[in-house]
């Protein structure tokens with residue numbers, strides 16, 4: 001039996017929470033249609049100075065003050081004295097972690113406490129700790145021993161504070177140190193994370209245990225990765241900077257080292273002059289409309305995005321949003337939210353962006369969400385209908401009808417070139433770049449492009465896969481069906497559809513697999529038979545020769561709206577016939 005918990009036979013171990021799913025199942029799991037960035041309101045048309053002033057005013061009113069900090073330390077000392085009295089031979093110490101130590105706590109935040117014993121094997125169980133707290137007059141004692149991290153929840157009626165205690169989970173204190181170091185790197189980090197956490201709490205989106213949403217730590221990691229990906233970046237990756245690595249930096253077999261001198265990193269983001277209001281608005285624009293949830297993982301350890309396929313997370317449960325734990329890199333912090341919940345959260349991101357873009361009112365954006373009574377079944381239906389309005393980026397609701405700065409149709413394509421590179425998603429989606437007007441680009445922007453009949457061979461390059469190829473010379477998709485997809489096709493883009501269109505013949509798919517193995521040199525031995533014979537350079541794609549498809553395939557030219565290099569371009573590339 002695990003020393004940290006005791007399942008069964010404990011009167012404090014109870015399902016005290018009434019599970020209240022935050023996002024209704026009736027919202028459905030259908031993917032949101034893509035939204036052209038040019039259909040969103042431009043940043044220059046948003047009063048970000050007004051938003052900044054509102055954010056700072058609200059931040060000053062909710063941030064943890066000195067008196068609140070003193071009450072927290074008094075509560076921790078009280079708990080430690082109780083534990084030492086109840087377990088005198090356990091060598092118990094306590095360590096604060098979480099938002100209080102990382103400087104991200106508000107006056108309404110809970111206390112997170114780690115109970116440390118020496119040696120760890122002599123630790124009391126969560127049920128024993130719960131009983132000890134109850135015997136000493138603490139209220140609302142709850143033992144949750146079956147969670148991934150068993151905890152004891154307790155409330156002090158005198159100090160009006162609640163605390164979550166775990167036992168010997170010291171890696172949580174290291175996560176707090178890392179978060180605190182990031183907060184001290186730039187003065188904009190702390191208010192931005194605090195205000196986004198405040199929004200999430202007001203909208204009931206930061207309760208993974210009860211509502212099936214996200215944790216506050218996951219949201220903080222999303223903000224840090226967002227700041228690492230700004231252009232120029234505001235935060236570095238502290239784990240990638242040179243620092244001491246030895247046996248002392250290993251905990252439970254994990255490398256928990258990082259560059260922990262924020263004074264030397266202070267000023268890293270000075271070249272980025274974006275205000276708090278701009279960052280607040282752009283955070284919701286990015287995660288509401290621009291981030292590629294299907295293919296990428298947020299990693300603050302690497303300070304960038306990682307491929308789900310490269311990490312092997314494309315088949316994990318609840319992997320719509322993937323946030324890599326900075327130390328335990330095989331763990332997805334966001335797996336507490338399923339696909340329907342993440343669809344609802346993405347629509348909540350869009351709701352905030354709409355209110356900020358057209359009303360510039362932070363109070364409206366952070367309005368309190370209140371769960372209805374169990375008998376009120378119409379409330380959640382109305383809420384789902386409200387969320388579904390965010391799917392269409394027309395923003396006809398909640399703004400002045402005379403405002404024509406943003407329409408459902410993007411600007412005239414002859415004056416703009418849109419290029420979105422998922423590996424460098426920080427650049428503004430607005431490029432005032434003249435492009436060749438002699439080419440008809442209307443099919444890129446039109447919302448009513450007729451479906452391409454199955455017998456027409458023209459295809460469109462998938463931007464994600466093409467960007468992977470351009471940025472990595474060794475990259476080759478698992479099959480050419482991933483590389484070239486039907487643009488605006490009513491048919492599913494899957495290998496099953498591929499086989500059906502070829503009469504169930506898998507010969508061409510096997511050819512694609514053989515090309516992949518050849519390109520990556522997985523099979524060194526020459527194939528003596530079969531539809532494909534091994535030649536090392538038979539399909540040598542290089543970025544300098546991106547107009548040369550494999551010699552045994554016919555091709556046709558299409559327009560690819562992707563960024564090939566540092567400059568956004570809209571160029572013709574070769575595509576295979578399907």
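Yeah, the Cβs are placed from backbone N, Cα and C, and that goes for glycine too.
What Swiss-Prot records for 110, 112 is Mg(2+) binding site, and it gives similarity to another entry as the kind of evidence. DSSP gives residue 112 (Mg(2+) binding site) a strand state. Annotation for residue 112 (Mg(2+) binding site): spatial neighbours 96, 97, 98, 99, 100, 163, 164, 172, criterion Cβ-Cβ under 8 Å with sequence separation of six or more.
Under the heading domain 'PAP-associated', Swiss-Prot lists 275-330.
Annotation comment: Swiss-Prot describes 495-565 as region 'Disordered'.
Per Swiss-Prot, compositional bias 'Basic and acidic residues' is recorded for 496-510.
Residues or ranges marked as compositional bias 'Basic residues' by Swiss-Prot: 516-527.
The compositional bias 'Low complexity' annotation in Swiss-Prot covers 547-565.
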Exercise. Within 10 Å of the Cβ of residue 110 (Mg(2+) binding site), how many other Cβ atoms are there?
Worked result: 17
For this session: Mind tallying the domain 'PAP-associated' (275-330) by DSSP state, helix then strand then coil?
Result: 19 helix, 10 strand, 27 coil
